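J.: My questions will all concern the structure given below.
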Amino acid sequence: MITITLPDGSRREFEGPVSVMQVAHAIGPGLAKATIAGQIDGGHLVDASDLIEHDAMLRIITPEDQEALDIIRHSCAHLVGHAVKQLYPEAKMVIGPVIADGFYYDIYSKRPFTPEDLAAIEQRMVELIAQDYHVVKHITARHDVVRLFKERGEDYKLRLIEEMGPEVTAMGIYHHQEYVDMCRGPHVPNTRFLKAFKLTRISGAYWRGDTKNEQLQRIYGTAWADKKQLEAHMQRLQDAEKRDHRKIGKVQDLFHLQEEGPGLVFWHPKGWVIWQTIENYIRRVYRNSGYGELRCPQILDVSLWQKSGHWDNYKENMFFTDSEKRTYAVKPMNCPGHVQVFNQGLHSYRDLPIRYGEFGACHRNEPSGALHGLLRVRGFTQDDGHIFCTEAQIESEVTAFHRQALQVYADFGFEDIQIKIALRPDKRLGDSLSWDKAEAALRAALSACEVEWQELPGEGAFYGPKIEYHLKDAIGRTWQLGTIQVDFMMPGRLGAEYVDERSQRCHPVMLHRAIVGSMERFIGILIEHYAGIWPTWLAPVQVVVANITDAQYEYAERVHKALLNQGFRVNTDLRNEKIGYKIREHTLQRVPYLLVVGDREKENGTVAVRTCSREDLGAMSISAFVERLQAEQVV
């Protein structure tokens, strides 16, 4: 007998091995119809057809469960393959993973796909779903899978199998009628679960993400549990399109990018004002938190990057240059430079912690296809800081950073923060004991702050685990921004030492920290978060003074000068245009305040105040308006 325990504590007994679907049928036909997969003993997910061969706790996954989304999306990727192979038999399928809010499938085809092809593929998927067919899984011996894909000419599937270790002797093959694909699963048992999907776009990609390899075509899509969720997502995409930082950046004349410098930003005067405002704010954070601001070289001999470990773990993403028979690397990270500053002179344990901060300009050789406005660039500047401390000081330093980061995010208008700990990856420096200590220190610090967090196994940096801060924006999207990482490795590799209380030389612990991360990316996120309607303290132009007629020209200039003297960013609009035209123009430019001056305002020494949201605040004295502006300043 096999006993299956359900989430409500009830039990069902079966004569022998039983599938998830059979358990669902035993409970009721309604549940069986809704069953997508199962979760065994609170662990991994399995297909509805998988057998349970021992006493177990079972949670049946239906479209109501969050876990169902990834299963639906992965199954939709296979459905893309089914449709593509029916329409374009010569195409070769590569790989189709789940991504945030959707999925993609990489395909090799000599014939470039067009928007019309995308529509045809989507229509064929709709037709296949309407056939309401079962998705059938077979565990198949490796040699049989190789034979199957050889017969079908699926060269990329064969390459994927070649990359698997010898321990993989069998794998799951999923049958969508005549189409087959390999996967760990689980997948939906029937295509009726895939109705709420939409193909969104086609882009280029490369095999294994390497530009030296052949180019592929990537079909993106999104899929949800029901039509209502899909419609809500598509509405969010429309909202995001309106907030696209590239469009707003052009309209507001903030920045541009061009072909001669892919992934490198040209900042215009208004955009640079925003940059400087944020930089000054972060500089104040450095100062108030005991950081010494420094500046390190842009290029350093590769020998330093070899010592630091970046050469072995990161060289594919680095730029290099040669001079006088020496090879230099353009820095992709700031940390080795900060260690060099620490190494100038011998430190006592009484000196620790020592905190350095830098607006460090870095360059990384990102694939051209991955570049995206300000959000993914090759040249960027980080609010990068490093803390050199003892093991006993880790918890207090991480705790202080955590509280500091939350205040910064609140000042920039982010209140919904998710905290995650990224744990040791397979490819890493150091021994397991050091990683155990580092991960325990991060958990202890967050426990001291009484916050909840999620753990991400395998997603830490190669030199240490990290805390990540994920911020939700105005339309519900989540962005990963700040990090603090424990690093027991780099100080030792680069010879950083201090003298402890026993007069012994020791390597300090190094904490890598950033609150906003890439300044470019952060500004891109802010543009989209605020939809270009900047809070007054961040706005490149905070106030425009506009006259109604030439009779107020001199008074408008006096108002302008009075506000400039208070340190505000003020322009005048003294053109011979109708005041309604001026109001519309500056409202579209999202200038927070427009001060209209006519004969009445000139006579009374006041200004008529309007906001970019078209709110009329009436007449104010200049001093009253100054007080209002000062109350809105953060830095």
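Just so it is clear, glycine is given a Cβ too, placed from its N, Cα and C backbone atoms.
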J.: Taking His507, His512, His529 as the options, which does Swiss-Prot list with Cys335, His386 at the Zn(2+) site?
T.: His512
J.: Which one of the binding-site residues (His386, His512) has its C-beta surrounded by the most other C-beta atoms within 10 angstroms?
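T.: Counting every other Cβ within 10 Å of each candidate, the maximum falls on His386.
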J.: Taking the centroid of the Cβ atoms of Cys335, His386, His512 (Zn(2+) site), which other same-chain residues have Cβ within 8 Å of it?
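T.: Everything else in range on the chain: Met333, Asn334, His338, Val339, Asp384, Gly385, Gln485, Asp487, Met490, Met510, Leu511, Arg513.
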J.: Taking the Cβ of Cys335 (Zn(2+) binding site) as reference, which residues of that chain separated by at least 6 in sequence fall under 8 Å from it?
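T.: Counting only residues 6 or more apart in sequence, the Cβ neighbours of Cys335 (Zn(2+) binding site) under 8 Å are Ser308, Asp384, His386, Asp487, Met490, Met510, His512.
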